[in-house]
Amino acid sequence: MSREMGELTQTRLQKIWIPHSSSSSVLQRRRGSSIPQFTNSPTMVIMVGLPARGKTYISTKLTRYLNWIGTPTKVFNLGQYRREAVSYRNYEFFRPDNTEAQLIRKQCALAALKDVHKYLSREEGHVAVFDATNTTRERRSLILQFAKEHGYKVFFIESICNDPEIIAENIKQVKLGSPDYIDCDQEKVLEDFLKRIECYEINYQPLDEELDSHLSYIKIFDVGTRYMVNRVQDHVQSRTAYYLMNIHVTPRSIYLCRHGESELNLRGRIGGDSGLSARGKQYAYALANFIRSQGISSLKVWTSHMKRTIQTAEALGVPYEQWKALNEIDAGVCEEMTYEEIQEHYPEEFALRDQDKYRYRYPKGESYEDLVQRLEPVIMELERQENVLVICHQAVMRCLLAYFLDKSSDELPYLKCPLHTVLKLTPVAYGCRVESIYLNVEAVNTHRDKPENVDITREAEEALDTVPAHY
């Protein structure tokens, strides 16, 4: 091991929020997470609202976001517990005078709360999202007592919607495909579901400004036309409220792509700030033709501050916005090196990165974990926008894609984002539809899979086994 490399391995760029013990391994010190622990005690997020008000949509999106920023979160959907306990027949199961069904529903709630306790207290979960109607003060009191007994914080999210068109669209988009209505006539489904809503309306008790003034909550009116926020008490609740005030349900598409092939891509060198190759310039014009063919209304174009994304955007002939946050991951001392050179000069660092690619931070550079934090403002703004084309870089595109597709931190660094390919993301009910469009301009392959042997003592041949070909 060279003296230079030894110094790099032992002298870390410190960005550590949580101190590690002095006996930590080299890998622990290299990981050096920059992610703060957002929770000092677990949080229960409690959904409130009548059926067809978007509670599951909100639960799913919020869970995806919190997991993406590094806060372990899980949804507990009471409807799933109910379906496991009893087969659904019709709306009469939800009648307030159906005492037998009321007992079953309460037992399902208690079973779900038991699983919440297991997740938050034994499985190192930080946030549990309790996705149910919770429309009565009695049910909410039961949950509050449960949270108090176990030392959990509670944050309520109430979705209120009185617009018949929005409610009808939600029923059409989601409920017609519900497991409760498999192989049922659509008109009968609509009739039954509207009667189900009427059953809940009888005893619905919204969160009250005076009676519930001591509680932490956000009320969302008509899918975001107005908000009411009360007693936000910590970081998780603050981020949750801010996130919910930025999302919308307007139909749109997000186009993600990398810059055209660069001169450094051709030579197998990572990072740097080189311009486009001849094929990269050809791709830029192909991208312009593709975007024009889509006939996208009010399209916004975003790039990083790096030459290769700007040159790609210039061919579009439209205004574009530059984001420094979209710059490629900083490879530190390894900038503009080939993988072969990194293995030759810093073999231990190369192995450490393969062992935990998400948390590994390049000496004097960044990790994917750092990059996710850098990109959070981009995600917030993407959620606020309608149609956007983001021209970015491989690591950046992986992070953005992981958010929209709900990929784990283990999967994120290995998502395939090839050059000269556009990914069209269209948000749907509880996820995102992805279309991959290759624009028929050849480019080098820059994707490197995780090698089988990640041990520090491995041979160079094993370390370089998955390195793609380059000039």
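Each Cβ is built from the backbone N, Cα and C atoms, and glycine gets one as well.
According to Swiss-Prot, the feature active site maps to D131, C161. Feature annotation from Swiss-Prot assigns active site, tele-phosphohistidine intermediate to H259; the stated evidence is experimental evidence. Here Swiss-Prot flags E328 as active site, proton donor/acceptor, drawing on experimental evidence. Positions annotated as ATP binding site by Swiss-Prot: 49-57, 170-175, 350-353, 394-398, Y430. Summarising the annotation, Swiss-Prot assigns beta-D-fructose 6-phosphate binding site to R82, R105, T133, R139, K175, R196, Y200 and lists similarity to another entry as the type of evidence. Look at Swiss-Prot and you will find S2 tagged as N-acetylserine. Per Swiss-Prot, the feature phosphoserine maps to S33, S141.
Between the alpha carbons (Cα) of R139 (beta-D-fructose 6-phosphate binding site) and E328 (active site, proton donor/acceptor) lies a span of roughly 48 Å. When the C-alpha distances from Y200 (beta-D-fructose 6-phosphate binding site) to the recorded positions G49, R53, H259, A395, Y430 are tabulated, the minimum falls on G49. Neighbour counts of Cβ atoms within 10 Å were compared across the recorded positions C161, A351, A395; the minimum falls on C161. Recorded residues R105 (beta-D-fructose 6-phosphate binding site) and Y430 (ATP binding site) have their alpha carbons 24 Å apart, per Cα-Cα distance.
DSSP assigns K175 (beta-D-fructose 6-phosphate binding site) to a helix. Inclusion criterion for the recorded positions S141, C161, R196: a C-alpha placed within 10 angstroms of the C-alpha of R53 (ATP binding site); this criterion is met by C161. Minimal Cβ crowding within 10 Å, among the recorded positions T133, S141, Q173, is found at S141. Reduced to three states, the DSSP call for R139 (beta-D-fructose 6-phosphate binding site) is helix. When the Cα of R82 (beta-D-fructose 6-phosphate binding site) is compared against those of the binding-site residues Y57, A351, A395, the shortest separation belongs to Y57.
Around the Cβ of G49 (ATP binding site), 24 further Cβ atoms fall within 10 Å across all displayed protein chains. When the Cα atoms are compared, Y57 (ATP binding site) and S141 (phosphoserine) turn out to be 24 Å apart. Listed recorded positions near C161 (active site): none (candidates D131, Q173, A351, Y430; Cα-Cα distance within 10 Å). Annotation for the residue listed as 'active site, tele-phosphohistidine intermediate': spatial neighbours L276, G280, M306, R308, T309, Q311, T312, I391, C392, H393, L419, criterion Cβ-Cβ under 8 Å with sequence separation of six or more.
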